[in-house]
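Listed features, source Swiss-Prot:
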{"type": "MOD_RES", "residues": "Y113", "note": "phosphotyrosine"}
{"type": "MOD_RES", "residues": "T165", "note": "phosphothreonine"}
{"type": "MOD_RES", "residues": "S166", "note": "phosphoserine"}
{"type": "MOD_RES", "residues": "S174", "note": "phosphoserine"}
{"type": "MOD_RES", "residues": "S175", "note": "phosphoserine"}
{"type": "MOD_RES", "residues": "S235", "note": "phosphoserine"}
{"type": "MOD_RES", "residues": "S239", "note": "phosphoserine"}
{"type": "MOD_RES", "residues": "S243", "note": "phosphoserine"}
Amino acid sequence: MAVRASFENNCEIGCFAKLTNTYCLVAIGGSENFYSVFEGELSDTIPVVHASIAGCRIIGRMCVGNRHGLLVPNNTTDQELQHIRNSLPDTVQIRRVEERLSALGNVTTCNDYVALVHPDLDRETEEILADVLKVEVFRQTVADQVLVGSYCVFSNQGGLVHPKTSIEDQDELSSLLQVPLVAGTVNRGSEVIAAGMVVNDWCAFCGLDTTSTELSVVESVFKLNEAQPSTIATSMRDSLIDSLT
């Protein structure tokens, strides 16, 4: 299902959390409320871990990961690395990466099989990505934006891309990723999708400003609650009526 949350009144929750099918990292600090939203939905299935990366709370923008592994920038401290290692399942490989574009979450995005990366990403980083996360890597742009990690979010079920992505680009990306894609927004019209939401194969968290229409699109394209695209129209109608009453 899709749940709304905010971090210290900030709706850009994708900056403060990293969610995969085997673990969830949540920024330290913030209200206990933010952590408990994730804990409530996920704690039965995967570990929810308080963390910071390179002294920053914007962990969602600093790292990239999937069920196989997690890559963090080179300036992550030993203490932070050790804490994350101890908290995640043993099957998850964790690696530091020396990369000029150090906000890895902005320049890369992936599910458990495929990764999209910034066209200028180091060749070595690309190899580490393929090796640690066990993914096929493609250098791509989304709606002519090089920050692929900011403007699209996808799971193994589906994906949401920048609202100005052309139909041709959507088709190309969809065939690379092998999942259905929809162009859309979160947080009442925000184009920076990855900053406003996190998702895995069964659960999504969106910023508090996300409208019920946006939420129903998210639930449908990511196949949460077994929602199918055909149900978008009916659930949208219901949610529009909800928001108008």
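Numbers run from 1 along the shown chain.
Placed from the backbone N, Cα and C atoms, the Cβ positions cover glycine too.
Feature map: annotations from Swiss-Prot on the structure.
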| residue | record | DSSP (3 states) |
| --- | --- | --- |
| Y113 | phosphotyrosine | coil |
| T165 | phosphothreonine | coil |
| S174 | phosphoserine | helix |
Fill in the CA-CA distance, S166 (phosphoserine) to S174 (phosphoserine), as an integer in Å.
-> 12
Specify the count of other C-beta atoms within 10 Å of the C-beta of S174 (phosphoserine).
-> 17
List, in sequence order, the same-chain residues at least six positions removed whose CB sits under 8 Å from that of T165 (phosphothreonine)?
-> V142, A143, C152, L173, L181, A183
Could you list the residues of the same chain, at least six apart in sequence, whose Cβ is under 8 A from the Cβ of the residue listed as 'phosphotyrosine'?
-> V135, E136, N156, Q178
